[in-house]
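Database features (TrEMBL):
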- A:46-64: transmembrane segment (TRANSMEM)
- A:76-96: transmembrane segment (TRANSMEM)
- A:102-125: transmembrane segment (TRANSMEM)
- A:132-151: transmembrane segment (TRANSMEM)
- A:157-175: transmembrane segment (TRANSMEM)
- A:187-208: transmembrane segment (TRANSMEM)
- A:228-261: transmembrane segment (TRANSMEM)
- A:273-294: transmembrane segment (TRANSMEM)
- A:300-319: transmembrane segment (TRANSMEM)
Amino acid sequence: MNRAGVIFGLLLTVLVPLSLLAGRVWIDPAATPNAAIILMELRLPRAMLAIAVGAGLGAAGAAMQGYLRNPLADPGLFGIAPMAALGAVASFWFGALLPPAIAAWSLPVFALVGAALAMALLALIAGRTSSGAGGGIALFTLAGLMIASLAGSLTALAITLAPNPFALSEIVLWLNGALTDRSWREVAIAAPLTAAGIAVLMLASRSLDALTLGEDAAHSLGVNPRQLLGLLVIGVGLTVGAGVAVAGIIGFVGLIVPHLVRPFTDRLPSSLIVPSALAGGCLVLIADSAVRVLPLITELRLGIALSLIGAPFFLWLLLRMRSGRL
Amino acid sequence: MTLVATDLTLERGGKRVLENVRADLAPGTITAIVGPNGAGKSSLLLALTGLIEPVSGHVELDDHRLDAMSPADRAKALGFLPQHAEIAWDVAVENVVALGRLPHRDRGSAAIEAAIDELELQPLRHRPASQLSGGERARVLLARVLAGEPRWILADEPLAALDLAHQLNLVSNLKQRARAGQGVVIVLHDLALAMNHADRAIVLHEGRLAASGAVEGALSQEMIRRCWGVEAKWIGDEGHRALTLEA
């Protein structure tokens with residue numbers, strides 16, 4: 001474990017108990033009635049979910065930035081999150097068609113199917129782009145962007161065709177991403193998939209280091225470009241797909257987190273993946289606790305809150321890049 | 001210890017870039033790959049490094065076909081220096097050099113220190129890549145290749161972005177490697193550099209082999225007229241030749 005991993009690991013261990021106590025109602029474990037139930041059945045699963053979603057997005061962001069050699073890259077670029085969201089939206093339409101045994105799970109199941117579809121599409125495209133030297137990554141990224149754009153339009157179509165105003169508001173609200181009213185059930189979906197995804201991304205870390213020198217140099221260092229792409233698609237697919245399945249669209253975490261981690265490391269992609277997972281957990285945990293505490297009439301949606309922080313951060317990054325300090 | 005290409009035919013982007021090219025490379029020498037723009041120089045180098053699969057023909061390293069070798073074995077034997085001096089992240093010099101050990105999977109090797117010493121990078125070793133000049137960057141990336149202790153160094157226009165002093169510096173480093181027994185293959189644009197510093201030349205013209213052999217013969221005025229379409233004349237003494245063009 002490197003220095004960044006230790007720092008963000010410690011931060012996370014401090015944040016978890018704080019976030020359990022924080023909320024519209026602050027909990028005093030000794031005095032609040034039903035404190036144990038609130039903690040174990042509401043706040044702990046919500047905190048675990050925040051960590052799982054944030055860890056997946058953080059690790060995926062670090063891997064994507066390493067793969068594309070671009071500090072502005074985001075896990076959303078592969079089109080996996082929009083496809084997972086499209087799947088989730090489809091569940092509002094077709095969920096009722098499922099057998100009752102899994103109908104209760106229809107939303108996460110549909111979202112995961114959407115993510116898997118995106119991964120299959122990407123694999124198909126990867127199979128068709130030449131494995132030869134240079135340029136493959138840029139082409140692949142454009143293909144991912146097109147998948148994202150297509151999924152976005154289909155989602156918009158589904159929204160405009162919503163059967164009734166109630167369904168409409170439910171879809172729109174869900175798309176904005178949140179961790180309210182989640183239980184251990186969602187943790188059981190997200191945590192193992194995210195852990196598997198991060199493990200897959202860790203397998204890619206040495207190849208990502210080699211990519212620092214460019215595609216041809218990495219290839220000459222023994223990196224298999226197709227194998228690396230496969231690891232990235234599976235790793236990002238699992239982490240992002242799991243996140244969307246339980247929390248909706250939560251943007252900017254994958255973009256921001258690697259930048260928070262980089263100054264504490266040697267800046268090689270392999271040094272970023274695990275610390276970015278820990279820092280992503282911290283960021284989403286803080287943001288989710290903040291939206292609970294903010295004195296608004298209804299709770300601010302987590303996805304909106306993170307976008308409000310993330311968009312100015314992105315602009316700041318752009319300006320720093322222009323002045324060559326990135 | 002030879003690198004041999006037999007009847008190599010290459011296509012890139014659906015276009016034939018090399019046709020039936022034969023190359024026989026020996027260690028301990030510097031071989032320059034030269035030719036006009038679009039002659040297929042970089043493609044030949046990429047194929048010799050095993051980075052593009054030929055349509056037909058094959059490359060053999062010590063009688064083992066490159067396409068049958070494992071990527072790690074290939075990477076340990078053949079060190080490739082790309083044309084673009086890319087370092088994507090603001091990584092410190094010593095960590096860039098250490099990337100050369102990736103195929104060996106040992107980051108703390110003495111080879112890294114040896115490469116840093118050989119290219120006089122000690123004073124720069126903790127400096128981030130973004131603060132390097134073009135010449136320093138070229139030295140760092142060559143050190144990265146040397147750190148992998150490859151038996152062959154294959155470099156694509158390593159001198160193109162460098163000023164005269166840095167060109168001479170890099171050339172002397174490459175000569176030193178060749179004297180130490182490594183094989184050095186470089187794509188060159190500048191025929192005078194090839195004439196003065198390489199031992200052998202491979203001349204490509206429109207994807208075919210036009211000449212190959214000792215530089216004096218392969219880069220004759222007659223060959224320059226045939227491949228480059230210009231009347232040129234070598235002047236000066238051996239090792240200090242310059243090319244004058246006649247309008």
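Using N, Cα and C of the backbone, Cβ positions are placed for all residues, glycine too.
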Range from A:46-64, A:132-151, A:157-175, A:273-294, A:300-319 with most C-beta pairs under 8 A to the transmembrane segment (A:228-261): A:46-64
Segment-segment contact (the transmembrane segment (A:157-175); the transmembrane segment (A:76-96)) at 3 or more Cβ pairs under 8 Å: yes
Interface check, the transmembrane segment (A:187-208) with the transmembrane segment (A:132-151), three or more C-beta pairs under 8 A: no
Beyond the flanks of the transmembrane segment (A:273-294) by 6 or more, those residues with Cβ under 8 Å of it: 1-2, 4-5, 7-9, 11-12, 15-16, 18-19, 22-24, 46-47, 50-59, 61-63, 179, 198, 201-202, 205, 250, 253-254, 256-258, 260-261, 264-265, 300-302, 305-306, 309
